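The structure appears right after this line, and notes come after that.
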Amino acid sequence: MMTLKVAIGPQNAFVLRQGIRREYVLVIVALCGIADGALIAAGVGGFAALIHAHPNMTLVARFGGAAFLIGYALLAARNAWRPSGLVPSESGPAALIGVVQMCLVVTFLNPHVYLDTVVLIGALANEESDLRWFFGAGAWAASVVWFAVLGFSAGRLQPFFATPAAWRILDALVAVTMIGVAVVVLVTSPSVPTANVALII
């Protein structure tokens with residue numbers, strides 16, 4: 001399950017950025033951990049089976065996720081092309097409410113996250129229904145560890161991001177990566193284990 005979290009996505013890119021800036025890292029890590037816990041619980045509890053039983057919902061998640069990723073890529077590309085207040089020492093800390101709102105956006109308004117965190121983890125957990133909640137707990141623990149490591153270790157990179165040019169490079173890389181992930185989402189049919197997947201609350 002750690003491979004799902006390590007994959008580059010809008011949420012990880014956002015946590016990385018906040019970690020480098022050393023702004024509200026604990027709040028963001030905690031928020032991402034709680035959100036993932038809720039999504040994993042939904043999948044393990046049976047929501048994954050509900051989505052899997054309705055192919056149209058999966059289709060919406062695929063194309064909606066790709067659209068979200070492309071939109072995020074365009075925002076990153078804009079920041080890379082026309083940087084504004086990228087260096088923490090120059091721009092000052094962002095408002096907490098704005099940071100929290102952005103964290104919620106990249107977490108819950110990205111349809112692709114529901115394919116990974118809800119559908120895939122939920123389906124895998126229900127392969128062994130008696131142990132599904134232990135599986136979910138393990139997946140959640142891995143998620144929390146990943147966000148903590150990413151957020152708190154990213155601060156060590158701050159010296160490398162002391163100039164706007166470094167942030168422009170990061171945003172450019174994020175933009176290219178998001179486009180690549182969007183293409184993969186569009187051309188790859190989601191493969192979800194189906195055996196023993198049932199609505200078990």
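Even glycines carry a Cβ here, placed using N, Cα and C.
The transmembrane segment annotation in Swiss-Prot covers 25-45, 57-77, 104-124, 133-153, 169-189.
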Are there residues at least 6 beyond the ends of the transmembrane segment (133-153) whose Cβ is under 8 Å from a Cβ of it, and what are they? 1-2, 5-6, 12, 15-16, 18-19, 25-26, 28-29, 32-33, 36-37, 40-41, 43-44, 121, 124-125
If contact means at least 3 Cβ pairs within less than 8 Å, sequence distance 6 or more, would you call the transmembrane segment (169-189) and the transmembrane segment (25-45) in contact? no
How about long-range neighbours of the transmembrane segment (25-45): same chain, 6 or more residues beyond its ends, C-beta under 8 Å? 11, 14-15, 18-19, 96, 99-100, 103-104, 107-108, 113-114, 117-123, 125-126, 132-133, 135-136, 139-140, 143-144, 147-148, 151-152, 154-155, 200-201
Counting only residues 6+ away from its ends, which parts of the chain sit with a Cβ under 8 Å from the transmembrane segment (57-77)? 9-10, 13, 50-51, 106, 109-115, 119, 171-172, 174-179, 181-183, 185-186, 190
